[in-house]
Structures are given as C-alpha cells and as structure tokens.
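Peer 1: First the structure, then my questions, so here it is.
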Amino acid sequence: MSPSSSIAAEPGAVPAPDEHHEHHPSYLVDGTTVKSWLLTLDHKRIGVMYLIWVLLFFLIGGIYALVVRLELLTPGPTIIDAMTYNRAFTMHGVVMIFLFMIPAIPGAFGNFMLPLMLGAKDVAFPRLNLLSLYLLLTGAVIAIWGMINGGMDTGWTFYTPYSTHTTTTVAPILFGAFIIGFSSIATGLNFIVTTHTMRAPGITWFKMPLFVWAMYATACIQVLATPVLGLVLLLVVGEHLFHFGIFDPAMGGDPVLFQHLFWFYSHPAVYIMVLPAFGVMSEVVAAFSRKNIFGYRAVAFSSLGIAFVGFFAWGHHMFVSGQSTFNAGVFAVLTMLVGVFTAIKVFNWVGTVYKGAVDFKTPFAYFCGFLYFTVFGGMTGVAFATASLDVPWHDTYFVVAHFHFIMVGATIMAFMAAIHYWFPKMFGKMYHEGWGLVSAALIILGFNATFIPQFLLGNAGMPRRYYEYPERFQTLNVASTAGASLLAFGFLISAIYLTYALVYGRRAASNPWRSKGYEWMTESPPPTHNFVGPQPTYPEEPHFYVEPKKAEVPDAV
Amino acid sequence: MQSSTATAGTAGVPYRPQVAAHFASLEVQNHAARLGMWLFLATEILLFAGLFVIYANYRFLFPEAFALASRELNLNMGTFNTLLLITSSFTAAMAVHYAKEAKNKQVVLMFVLTILMALGFLVVKYFEYSHKFHEHQLPGPYYAFPGLTLPGASAYFTIYFLSTGLHAFHVIIGMIVLGWVTLKAMRNEFSHYNYTAVELGSMYWHLVDLVWIFLFPMLYLI
Ligand code: HEM
Ligand SMILES: [Cu+2]
C-alpha cells in the first residue's frame with residue numbers, strides 16, 4: 001500500500017482536517033450540557049445512553065451472579081443464608097433478563113445503527129424513543145427499589161401460586177417489569193415503523209443490511225408478545241395484593257394457565273435476546289471475512305422464520321406440567337423447527353467465512369465464540385425439545401447451562417463484538433487490539449469453564465435453585481465458580497481498556513475496518529443529522545465485498 | 001382563525017402542518033403515524049386477548065357457574081351501553097370525514113358528542129358496579145353472594161371486574177385523547193392536508209368500541 005493512499009484507511013490515522021468538520025460537529029460534541037444529553041431526541045445519543053445504562057445493569061446482575069456462585073462453592077452454607085440465596089438468584093435472573101439482555105442490543109446498537117443503515121436522519125418517532133429509555137429507567141428504579149426493600153424469592157419465572165403467597169416484595173418488582181415491557185414495545189414499534197417508512201431511496205427491502213432484518217424480526221416479537229406478559233404480570237401483582245385466586249389452585253384457580261401465558265411471552269423473549277445477536281454477527285462475519293454474505297435472503301428470511309415459529313414453541317417449558325402426550329409431541333416438533341431456521345443461519349455464516357480473507361480482529365474472535373456457543377447451546381436445545389429427555393433434565397443445572405450457553409453465550413458474544421466493531425463508529429476512537437483479543441479469549445474460556453461443569457452437574461442430577469447440595473457435586477461446583485471468576489476477570493479487562501480508549505484512544509479513521517456496511521458511509525462519529533451534504537446513494541447491496549483475491553486495489557481507496 | 005397568517009382557517013388556504021426534519025415528506029410522516037397507531041392497536045388487542053384466553057379457560061373449567069353468573073349481569077344496561085358505544089364510534093368516524101373537508105366546527109361537535117356518550121357509558125358502568133358491590137358479587141375472596149355458591153362463580157366476577165375495569169380505563173384514556181384532538185379542532189387545525197390526529201384519535205376510539213363488542217357477548221350473553 002502506498003503511504004498516500006492508505007492514510008485514511010489505516011486504523012488510528014488522523015484524517016486531515018477539512019471544512020466539513022468545522023461546520024458539522026459530530027453528534028458527540030454538538031451540545032455538551034447535561035440537558036442536551038438527557039433530553040436529546042437524537043437516536044445516536046439515545047443509543048449511547050442505553051449503552052451506559054445496560055452496562056450498569058449488567059454489572060449489577062453480574063455481582064448477583066458472583067454471589068450465587070460463591071455461595072455454591074461449598075455443599076453447605078458458605079457466605080449467605082438460604083433466603084438471601086433465593087433472593088440473589090431471582091434478582092440475578094430478573095436484572096439480567098429484563099434490564100440487560102432484552103434492551104441491550106436493540107437499545108444501544110439498534111438505536112444507533114438502524115437509522116444510519118437505512119440512510120435515515122432519525123427513527124420515525126424520536127420522542128417515543130426517548131420515552132422508551134425513560135420507561136426502562138423508571139421500571140428499573142421501581143424494581144431495584146423493591147430489591148433493596150426486601151427482594152423477591154420466586155425466581156425470575158414468578159411461578160404461581162408461590163409468587164402470590166410469598167411474603168417477599170413481589171409487587172414493585174413485577175410492576176417494574178411491567179413498565180419495562182412498555183419500553184420494549186415502544187422500541188419495537190418504533191423500529192418497525194422506521195424500517196417501513198424511512199428507508200433512503202435505493203434501499204429496498206432486499207438491500208437492507210442483515211442487522212436491520214434482525215432488528216425488524218425482533219421488533220415484531222416485542223410488539224406481539226410483550227402485551228401478554230404485561231397482562232399476566234399485572235394479574236400476578238393483583239393476585240399478590242388481593243388474592244383473587246385466578247392462579248391459586250386452593251381457590252379454584254389454575255396455575256398452569258399462568259405458565260402458558262408466561263411462556264407465551266418468555267419463550268419468544270429468548271429470541272428477542274438472541275435475534276439481535278444473530279444480526280450483529282451477520283454484519284461482523286461479512287466485514288471480517290471480507291466477503292459478501294452467503295445466502296443473504298436465507299439469512300434474512302430465517303430471522304422472520306424464527307420469530308414466527310418462536311410463538312408456537314412455548315409448551316416445551318411445560319413438558320412436566322401434566323401436559324398430554326400429544327401436546328408434548330406437537331410442541332417438541334415445533335420447537336425443533338426453530339433449530340432448522342437457526343441452522344440455516346449457521347451454515348450461511350460458515351459459508352461466508354469459507355475462502356474469505358479473514359481478518360482476525362477482536363470482533364471476529366467473538367464471532368468464533370458465538371458460533372461455538374450457538375451450535376453447542378442450540379444442540380442441547382434440540383435435545384431438550386425431545387420430551388422424553390426433558391423429563392430427567394428438567395429443573396436441573398442442565399437447564400441453567402443450556403440457556404446460559406445459547407442465550408447468554410451467544411448474546412454476550414454479539415454484544416461484545418458489537419461494542420468492538422462499532423466502537424470507532426460511535427466514539428471515533430480505537431481500542432487496543434491486543435488487549436481486545438486477550439479479553440475475548442478469557443471471556444470465552446471463562447464461559448466454558450463456568451457452564452460446562454453445570455451441564456455435567458445437571459446430568460448427574462443436581463437441581464437448580466438449591467442452596468445446599470451433596471458432597472459429591474462439590475468438585476464441579478468449584479470448577480464452575482472458578483470459571484465465573486475468570487469470566488468476571490475477562491470483563492474487567494475489557495472495561496479497563498475500553499474506558500482507557502474512550503479517553504486516550506487514538507483517533508480512528510472513519511472506516512477502520514474498511515467495512516462495506518451502510519452505516520460506515522458517513523463519518524465516524526457521525527454528525528448530528530447523520531449525513532453531511534447530499535444523502536449517499538446505495539447502488540450496491542449491503543456487505544458487498546469484492547472477492548478477496550481481487551480486493552487488494554479497491555480496498556486501499 | 002386565531003392564527004395571523006394566511007395558512008390557517010377554513011376560508012383561506014388550509015393550514016399545512018410542518019414536516020419534522022427527519023421525514024422526507026408529509027405523506028411519509030402521516031404514513032408513519034398511521035402505521036405506528038395500527039401497531040399500537042395490535043398490542044392493545046393482544047393485551048385483551050390474554051383476558052379472553054383466561055375467560056375461555058375458566059369457562060371450560062366451570063361451565064355451569066359461568067353460565068349462571070352471567071345471568072346476574074344487567075342485560076339492559078349492557079345492551080344500552082353497547083348501543084352507546086356503537087353510536088359514539090359512528091360520530092368519531094364522522095369527525096374524520098369532516099376533518100378531511102376542513103369543517104373543524106363539525107369535528108368539534110362530533111367529538112363532543114362522542115365524549116358525552118363515553119361519559120354516559122361510564123355512568124351506566126358506575127350503576128352496574130355499585131349494584132355488584134351491593135350484592136357482594138365481587139372478585140375472588142370478596143365474593144359473598146348467597147344466590148350463587150357454585151365453585152367458579154367468584155372467578156367469573158374476578159374476570160368480569162378485570163376485563164370491564166381494564167376496558168373502562170381505556171374509555172377514560174380515549175376521552176382524554178379525543179378531548180385533546182377536540183382542542184386542536186377548536187384551533188381550526190384540520191384540513192385535507194392534516195387530519196392525522198383526528199384519524200388516529202378516532203381509530204383509538206374504534207378499538208375501545210371493538211373490545212367492548214367482544215366483551216359484551218362474552219360476559220353478558222353466553
Ligand atoms: C456473568 C456470569 C454469570 C454467572 C456466573 C451466572 C450464574 C448463574 C447461576 C449460578 C444461576 C443458577 C441459579 C440457580 O438456579 O440456583 C444462574 C441463573 C440464571 N442466569 Fe446466570 N450467570 C451469569 C450470567 C448471566 C447472564 C448474562 C444472564 C442474562 C440473561 C443470565 C441469566 C440467568 C437466568 C435467567 C437464570 C435463571 C434464574 C432462575 O432460574 O431463577 N446469567 N446464573
Ligand atoms: Cu423456550
């Protein structure tokens with residue numbers, strides 16, 4: 001590469017100052033008062049605020065996780081009493097699910113990237129967008145207030161009739177989750193309308209980046225499933241306060257009905273968490289293999305397919321609830337269909353990497369971890385969908401390991417990949433690549449070390465949500481706790497070098513990865529209205545990479 | 001009419017709303033608003049759908065108690081309320097019609113009528129509720145109606161109060177929304193270019209009506 005042509009494309013190179021920058025400050029510096037952030041209608045600033053909050057929630061959830069893991073270090077009491085333990089794993093689940101996993105990628109990266117990827121100046125309803133952030137925070141404050149004032153011991157699934165009888169603080173926490181549901185609906189609604197109405201000329205449905213497709217499918221689930229959860233949470237709050245008896249068998253109520261309504265939301269909800277991850281990864285794999293995505297339409301449609309069949313699979317949580325054998329069979333088959341759509345994606349990602357010019361940067365390292373967690377976790381899911389296998393594994397650590405692998409593993413990998421891939425886009429800085437890889441390696445290792453022992457524990461019969469366990473399970477529990485510490489350490493490293501990069505990082509080039517994603521067609525960080533001058537045109541498909549062998553010359557431009 | 005510029009008022013050039021900076025055109029902006037409203041209404045229907053599922057479940061578990069308990073409702077009041085809501089839906093639709101023709105006075109009239117009927121609906125509900133309270137036909141453990149002691153009767157009244165209560169809440173929200181649109185109509189804002197607020201407000205009102213059209217047979221008739 002000749003020095004003159006490569007300067008702009010080199011990571012860390014300082015672009016020559018030009019007039020553009022003086023007249024169009026980046027969204028980061030356009031208004032610096034606190035108010036200009038808190039009341040902003042700019043989707044990028046809202047995205048950044050989401051990012052900050054979900055990271056905080058992740059920290060809170062993570063601390064609870066470590067408390068749980070430390071307690072399980074020894075067979076008997078270790079650091080806390082049984083009741084505190086019950087509260088800790090409940091709060092861990094509630095915080096991680098409702099305050100981290102569900103809002104994380106759509107809230108932070110969806111908000112930031114979706115309009116950029118559609119060539120739009122903002123989302124369709126900017127005020128609603130800001131409102132949805134504040135609804136999330138309102139719900140969080142109410143729920144956290146409840147946690148401090150007593151906490152809740154039902155597990156994040158709130159199963160009745162226990163949840164209507166326990167004396168712990170159920171009402172504020174469920175009410176908080178109810179409000180968070182509105183936030184989720186608002187975000188989904190906004191994204192659907194944005195995708196329908198705000199695409200720039202040239203961006204047809206089949207020229208939308210795959211991340212947009214994934215956000216769109218996620219949004220459909222958010223809009224269609226969350227209202228049912230809203231209703232059922234309200235009912236449980238009412239039950240708890242007034243004991244109407246709708247879900248209480250002692251009063252003629254039907255607790256299985258609660259499970260149906262709850263899982264009608266919560267099973268699709270796992271796709272609310274994991275579809276955005278799939279979307280991120282489709283972007284990352286194309287950018288770092290430097291290849292056009294293999295089977296674009298198949299990847300796009302499989303997102304919709306997952307969203308659709310996801311609505312018919314809830315019964316697999318109820319194989320042991322007295323469901324008829326026929327129902328169990330139907331739900332088993334429907335559940336396995338999800339596996340088919342996921343497999344389509346996996347094959348296409350692998351096909352994309354195949355013969356690509358892989359650029360093994362941190363986001364790609366996370367992609368590798370992601371692929372592994374998705375395949376491994378997904379296969380345990382298919383095993384679970386087999387009703388006869390579910391019976392012995394149900395409510396053991398096998399469940400815990402399964403869902404951590406698939407939804408937490410996959411989603412965290414995507415979340416970390418997204419942070420690294422879009423860091424230069426969002427903040428205009430570069431992080432330290434070496435530390436990035438070290439931290440990715442630790443996190444992936446730590447994850448395995450935490451949850452593989454849990455697969456073994458579950459298979460050996462250790463139930464989940466138990467405070468004490470027989471001596472013979474101790475070795476594996478110690479291994480799992482050690483793994484969790486490694487994991488936490490990995491995240492700590494990331495937190496340090498990313499914060500450092502934010503302040504002292506080298507200025508990034510406007511497209512350090514030489515990515516062809518649409519969001520890179522404007523400056524990094526983007527100006528307030530996303531584009532300076534005339535709107536870009538979109539003659540090519542997204543992720544349109546010239547075949548690697550011929551790529552040398554155009555890449556340097 | 002209050003506006004000093006020539007862009008407002010029925011007589012002159014119709015008032016043209018401003019297009020927000022991030023939209024390409026007024027058409028796109030209106031399209032987005034309409035689509036957003038449809039999606040929102042879908043979520044509302046799903047919210048009530050949860051209640052319908054609960055009703056179906058308990059109807060299946062306690063067929064007799066439910067059949068008898070539904071006879072305890074006041075069919076006359078229910079029917080009257082149904083007619084009120086259907087009529088109010090009609091006036092709300094007429095408001096849209098007038099808004100397109102920039103007849104803001106008629107828009108105001110239609111919405112005021114709609115709101116009055118909504119108020120009437122609530123008054124009737126109040127009498128129905130107070131009768132139920134008087135008879136102790138109340139949810140769950142508060143149920144103490146000697147006339148019907150079958151198991152499941154209390155569940156019926158739990159569902160009755162939950163669903164009609166949630167619906168009444170929507171009636172109140174609807175009145176607020178329509179009141180706000182009426183204020184805009186008083187300021188003469190609507191015309192062929194700009195009637196989205198009227199349209200969306202009345203769509204919301206149709207939803208309130210629609211939900212009741214399901215609740216009424218479910219609770220009163222079958
Ligand atoms: C960071 C490392 C993590 C560790 C060490 C960890 C550890 C644990 C443990 C030990 C349990 C089982 C509690 C029990 O059943 O007794 C658990 C449950 C759970 N975890 Fe994690 N977890 C981690 C991250 C996450 C994340 C990121 C999520 C995000 C969704 C998550 C979601 C859940 C959920 C939903 C449960 C079920 C809680 C319940 O069944 O009551 N975890 N976790
Ligand atoms: Cu599931």
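Backbone N, Cα and C define each Cβ position, glycine as well.
TrEMBL entries are annotated by machine, without manual review.
In case it helps, TrEMBL gives these features for our protein:
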type     : residues  : note
REGION   : A:1-21    : region 'Disordered'
DOMAIN   : A:37-539  : domain 'Cytochrome oxidase subunit I profile'
TRANSMEM : A:48-68   : transmembrane segment
TRANSMEM : A:88-116  : transmembrane segment
TRANSMEM : A:128-148 : transmembrane segment
TRANSMEM : A:168-193 : transmembrane segment
TRANSMEM : A:213-237 : transmembrane segment
TRANSMEM : A:257-281 : transmembrane segment
TRANSMEM : A:293-314 : transmembrane segment
TRANSMEM : A:326-344 : transmembrane segment
TRANSMEM : A:364-385 : transmembrane segment
TRANSMEM : A:397-423 : transmembrane segment
TRANSMEM : A:435-456 : transmembrane segment
TRANSMEM : A:476-504 : transmembrane segment
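Where in this structure would I find these features, and how exposed are they?
Peer 2: Listed as Cβ neighbours of the transmembrane segment (A:88-116) (distance under 8 Å, sequence separation of 6 or more from its ends, same chain) are residues 43-44, 46-48, 50-51, 54, 57-58, 60-61, 64-65, 67-68, 71, 80, 122-123, 129, 132-133, 136, 139-140, 143, 147, 151-157, 173, 177, 180, 183-184, 187-188, 191, 194-195, 198, 211-212, 215, 218-219, 222, 269, 272-273, 276-277, 279-280, 407-408, 411, 414-415, 418, 422, 425-426, 465, 518-519, 522, 526, 530.
Within its own chain, the transmembrane segment (A:168-193) has Cβ neighbours under 8 Å at 87, 94, 98-99, 102-103, 106-107, 110-111, 114, 123-125, 128-129, 131-133, 135-136, 138-147, 149-154, 158, 215-216, 218-223, 226-227, 229-230, 233-234, 236-237, 240-241, 272, counting only residues six or more beyond its boundaries.
Sequence-distant neighbours of the transmembrane segment (A:257-281) (same chain, 6+ residues past either end, Cβ-Cβ under 8 Å): 97, 101-102, 104-106, 109-110, 157-160, 184, 210-215, 217-218, 221-222, 224-226, 228-229, 231-232, 236, 246-247, 303, 306-307, 310-311, 313-318, 321, 345, 349, 367, 370-371, 403, 406-407, 410-411, 413-415, 417-418, 421.
Remote same-chain partners of the transmembrane segment (A:326-344), defined as residues 6 or more beyond its termini with a Cβ less than 8 Å from a stretch Cβ, comprise 295, 298-299, 302, 305-306, 309-310, 312-316, 318-319, 374, 378, 381-382, 385-387.
Residues 96, 101, 104-105, 108-109, 112-113, 270, 273-274, 276-278, 280-281, 283-284, 287, 361-363, 366-367, 369-370, 373-374, 376-378, 380-381, 384, 429-431, 436, 440, 443-444, 447, 450-452, 454-455, 457-459, 462-464, 494, 498, 501, 508, 513, 519 of the same chain sit 6 or more residues outside the transmembrane segment (A:397-423) yet have a Cβ under 8 Å from a Cβ within it.
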Peer 1: I'm checking region-level scores; what's the whole-number mean pLDDT for the domain 'Cytochrome oxidase subunit I profile' (A:37-539)?
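Peer 2: Here the mean pLDDT over the domain 'Cytochrome oxidase subunit I profile' (A:37-539) amounts to 94.
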